[in-house]
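Annotation comment: TrEMBL describes 1-10 as compositional bias 'Low complexity'. The annotation region 'Disordered' is assigned in TrEMBL to 1-21, 47-68. Feature annotation from TrEMBL assigns transmembrane segment to 82-99, 119-143, 164-188, 208-228, 240-258, 278-301, 322-341, 361-384, 416-434, 440-466, 487-505, 517-537.
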Amino acid sequence: MASSSSSSEPHPSPTDAITREHYSLKADNARDNHAFDRVAEDGEDDHYDDYHGHLKTNRHRGTQFDQTDMKRMGKQQELRRNFRTLSTLAFVVILQGTWEVLLAASYQGLVAGGLAGLFWSYVWTFCCNLFVVVSLAEMASMAPTAGGQYHWVSEFAPIKHQRWLSYFTGWMSTLSWQAGTASGPFLVGTMIQALATENYEGYAGTNWQGTLCVWAITVLVLLANVYGGRAMPVFQNLMLILHVFGFLTIIVCIWVLAPRNSAEVVFTSFTDAGGWSSMGLALMVGQISAIYACICSDAAAHLSEEIKDASVAVPKAMLGSYLLNGGLGIIFLITFLFSIVDLPSALEADYVFLYVFKEAFSLPAVNALASIVIILIFAGTLSYNLTNNLHRWSFARDNGLPFSNWIAHVHPTLEVPANAVIATCAFTIILSFINFGSDVAFNAIISLNLVSLMITYMISIGCVLYRRVYEPELLPKARWSLGKWGVPVNLAALAYTTFAFFWCFWPNYYRPSLTDFNWSVLMFGVVALIAVVDWVVRARKVYTGPVVLVEGRKEEPMGAFK
């Protein structure tokens, strides 16, 4: 690695690899020998030929703000900036799919809390998570990069902890997006299987058949992300239209044709089918359904290097999508809960929403409305996969993962990180094997998604709060800023993410059997252990963290890390 210090300067020890020198106001243009560190000046051709990829023309580099941000962060523009504010908003809205998730993944909340429990847990989750969304949006404006949380931690963490905290955050973010990516094919595949059960008398779906459906969906997602990347913005805009009109179609049909509960039952009837010792404890366990419906606004941040004018478009899309989805979600949830007149029977169905549809509509109508839900969740799965690919590619670009050179390769003609797509889909198939041995595999996958995502939120928000309090002059300027509200908003966000992290490990039922157990705690621990082993064996020698490339920081020689 090229060093900014002269050969006569002593090398720091490994424990001091990132020192106070990083915060010298003198911009140091020395960078390591990765081709992605060069940023073209205005008017300069973007033609280059390196292992990571080929960006052919200047027009895909975005606005002057984009070029300035990339130069400040020491990154080269390798991906096309295909997305604008509207298409980014559509992308995140479809990825979050709040009303679709409430429809398809409400089981845990209904088991532990009942109708009223699911409603009120959604209300407090939406309100509390808003602090998280705006905290992340501000950081995305400061540093609009596909790395997201692990990059922000590298810039904002206390100096002596920057490297390992950034590395660990990168691993947890990779885990969270991988688990979330796996949940999409699982939902789509098993919903298709459940719909087949409704249409063909005598057919009883098995776990292995559901797993094969998951694999088929995963292959479709792989092909779409590798070969259909340039069409993704247009596709997401079309799916946004279906998202809104599908919402209107389903709720109007339910309003007109479905049986109804009373308002008293919906808003005050708390039930616990999980066997917990108190209703309060059951509500804490059941809130995971609401949390799952409200997460992933940070998807826009991981898309930053494909978005034009990212430092403004990304935070706008993050907040706008959250408010839009949240509003649709509350309307839909109330409608949905009013239509569940027999909760025990609904919980025995493959999917609660299919029970509601069967009670209200004819079989052709059930098929049509369920198909809308399946198409939208599949579209969200494509978005989830793309976000995961970009995060994995970015982290590999900074040497955070084993086989980083292979994962970080950008296909020279498709201009997509094809190897990252392959890795993502391979791990999705591996995670799907859980379904062979457990009837609640999906619950474990979303718990794993949530706990690993929450810990990245906790660390990144904690680091920006530290920097805001102790060294505010070193925070990058944000075009979308919280201003004087930064500290209280960050504190509220940190408190909530810590609270949610704790409860997402819990199983649905008190004293669960092996098949009902929440295996996310084991999977989380295993991945954390693998990350530690990789750090000791490999990463501590090569992973410096993105901060060493940022303008205004002084780069350390590689000898400091060996």
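Including glycine, each Cβ sits where the backbone N, Cα and C put it.
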- Item | Per Cβ pairs under 8 Å, the stretch of 119-143, 208-228, 361-384, 416-434, 517-537 packing most closely against the transmembrane segment (440-466) | 517-537
- Note on the structure: Across 82-99, 208-228, 487-505, 517-537, the most C-beta pairs under 8 Å with the transmembrane segment (240-258) come from 82-99
- Task: Could you name the stretch, out of 82-99, 278-301, 416-434, 517-537, with the greatest number of CB pairs under 8 A to the transmembrane segment (208-228)?
- Result: 416-434
- Contact set of the transmembrane segment (487-505) with the rest of its chain, CB cutoff 8 A exclusive, min separation 6+ beyond the ends, reads 125, 128-129, 131-132, 134-135, 284-285, 287-288, 291, 447, 450-451, 454-455, 457-458, 461-462, 464-465, 468-469, 518, 520-521, 524
- Quick one: do the transmembrane segment (164-188) and the transmembrane segment (82-99) reach 3+ CB pairs under 8 Å, ignoring pairs fewer than 6 apart in sequence? no
- Item | Contacting positions for the transmembrane segment (278-301) when only residues 6+ beyond its ends and CB under 8 Å are counted | 88, 91-92, 95-96, 98, 101-102, 105-113, 117-118, 120-122, 124-126, 129, 132-133, 136-137, 139-140, 144-146, 148-149, 180, 270, 272, 307, 314, 317-319, 321-322, 326, 329, 383-384, 387, 446-447, 449-450, 453, 457, 500, 503-504, 506-508
